[in-house]
């Protein structure tokens with residue numbers, strides 16, 4: 001039997017922190033037909049709140065070192081203000097959204113990342129996505145909206161990278177759906193030349209990815225993002241797109257598509 | 001056909017702000033068999049965060065005047081930190097909880113309270129509880145945990161009194177269940193004499209309520225609480241209990257039961 005389609009989108013700071021961009025995105029996302037899931041980050045808002053509360057924010061390679069105090073800020077910002085702003089914004093557009101952390105209905109179990117060279121604090125790595133529960137919500141016509149918070153099932157919440165959550169959810173939902181995963185990006189896609197915003201690499205597969213990495217065309221923050229994409233492709237996800245927010249309105253704009 | 005039983009509990013600051021009391025309550029609540037719902041407040045935490053951020057908190061008759069800034073604090077505290085702490089604490093006790101504001105799955109629609117003598121700001125009065133959606137969750141074995149935040153369906157979140165939310169949810173769920181509503185209280189129940197913590201009035205009905213009000217045995221903050229109770233009883237709720245947290249372990253301890 002042919003599987004139903006599922007669209008998983010991940011948005012980050014460039015959309016969330018800009019009220020106009022967010023309103024426009026939520027309007028477009030609401031119009032996407034069929035089953036869909038939204039995953040959001042929100043690092044800048046957490047950093048702003050921490051700063052107002054005189055709590056230090058420490059980042060290593062773009063990852064937040066999450067002390068107990070910082071975890072409270074992450075939960076207040078991601079699961080509270082941002083998640084509920086997004087959910088109520090989708091409801092306004094007649095999209096029946098529900099906001100979720102990994103603890104809600106036990107949808108994402110994680111375990112604390114072991115300190116090796118770096119102690120990331122309360123950062124969790126995903127162990128299991130409960131795809132059946134998420135599928136129940138989708139079958140009820142409900143659109144899950146995930147923030148970047150997970151739990152260990154033993155009362156501990158964690159900060160978990162939103163790109164990874166999107167990849168893990170998309171992979172797990174491959175058991176039920178034909179899944180496409182969309183990473184909404186500030187640029188048009190992965191660029192050949194960072195100076196030229198139009199130099200989009202339209203297709204990347206495992207072979208070309210390896211070349212782009214070796215020649216350092218792809219480096220820094222783009223590497224873990226693409227790693228997440230290929231992990232998703234290895235585990236059940238059909239297509240991954242890295243594109244500007246406009247992609248949600250027009251799938252034909254220039255962007256990057258990843259395949260194995 | 002005899003209706004299934006549903007237990008709705010509301011907890012406030014005396015439980016939420018005390019880690020030991022909260023742990024103990026969540027353990028007991030998790031053991032309650034059958035369908036159940038938890039509603040929580042959290043005013044003190046919101047006031048504390050406002051104070052740390054140098055944002056003024058203004059209360060009139062125990063109700064928070066909710067400016068835009070205060071609404072953000074309410075959403076961060078109630079829907080973020082407190083709700084997710086409670087949800088992960090219930091998961092720890094094998095209770096499959098899901099945290100909800102009124103915006104999530106559109107479960108509670110409200111409208112902004114019109115300014116009359118007092119402008120309460122972003123305070124919402126409940127218009128409709130979507131009992132079918134809540135029933136769907138309960139039938140999936142999921143326990144909804146509501147914080148005191150609602151929405152208007154047009155993108156606006158509201159601060160809404162938690163006692164009222166508990167009463168409105170209990171009433172709406174009467175369409176599906178035989179509902180008992182438990183207001184968890186710092187005292188043993190409604191007292192005959194506020195100086196004597198043992199002077200619990202064990203039964204109050206409409207007739208005795210009217211007398212207690214006329215003779216001012218019941219006054220101040222207790223009046224809106226009892227008003228909520230009787231509204232619930234008028235609309236489908238079978239029993240309302242006002243009792244100490246211990247009641248959840250031992251229904252036979254001295255407490256106040258309300259009936260029509």
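Glycine is treated like the rest: Cβ placed from N, Cα and C.
Listed in TrEMBL for this protein:
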type	residues	note
DOMAIN	B:5-244	domain 'Aspartate/glutamate/uridylate kinase'
SITE	B:10	site 'Transition state stabilizer'
BINDING	B:42, B:43, B:64, B:159	substrate binding site
SITE	B:225	site 'Transition state stabilizer'
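For the domain 'Aspartate/glutamate/uridylate kinase' (B:5-244), the model's pLDDT averages out at 95. With the fewest other C-beta atoms within 10 Å around its C-beta, B:225 stands out among the recorded positions B:10, B:64, B:225. Once the Cα atoms of B:42, B:43, B:64, B:159, the listed binders of substrate, are compared pairwise, the greatest separation found is 12 Å.
Each residue contributes its Cα atom, and for residue B:10 (site 'Transition state stabilizer') and residue B:43 (substrate binding site) these two points are 14 Å apart.
Annotation for residue B:42 (substrate binding site): spatial neighbours B:13, B:16, B:77, B:78, B:82, B:147, B:148, B:162, criterion Cβ-Cβ under 8 Å with sequence separation of six or more. In the three-state DSSP classification, residue B:10 (site 'Transition state stabilizer') falls within a strand. Geometry remark: residue B:225 (site 'Transition state stabilizer') versus residue B:43 (substrate binding site), CA distance 16 Å. In the three-state DSSP scheme, residue B:64 (substrate binding site) is classed as strand.
Sequence-ordered, the extra residues of this chain that approach the substrate site, with Cβ no more than 8 Å from the Cβ center of B:42, B:43, B:64, B:159, are B:41, B:46, B:47, B:66, B:74, B:77, B:78, B:148, B:162. For the binding-site residues shown (B:43, B:159), fewest C-beta neighbours within 10 angstroms: B:43. The DSSP secondary structure for residue B:43 (substrate binding site) is helix.
According to DSSP, residue B:225 (site 'Transition state stabilizer') sits within a helical segment.
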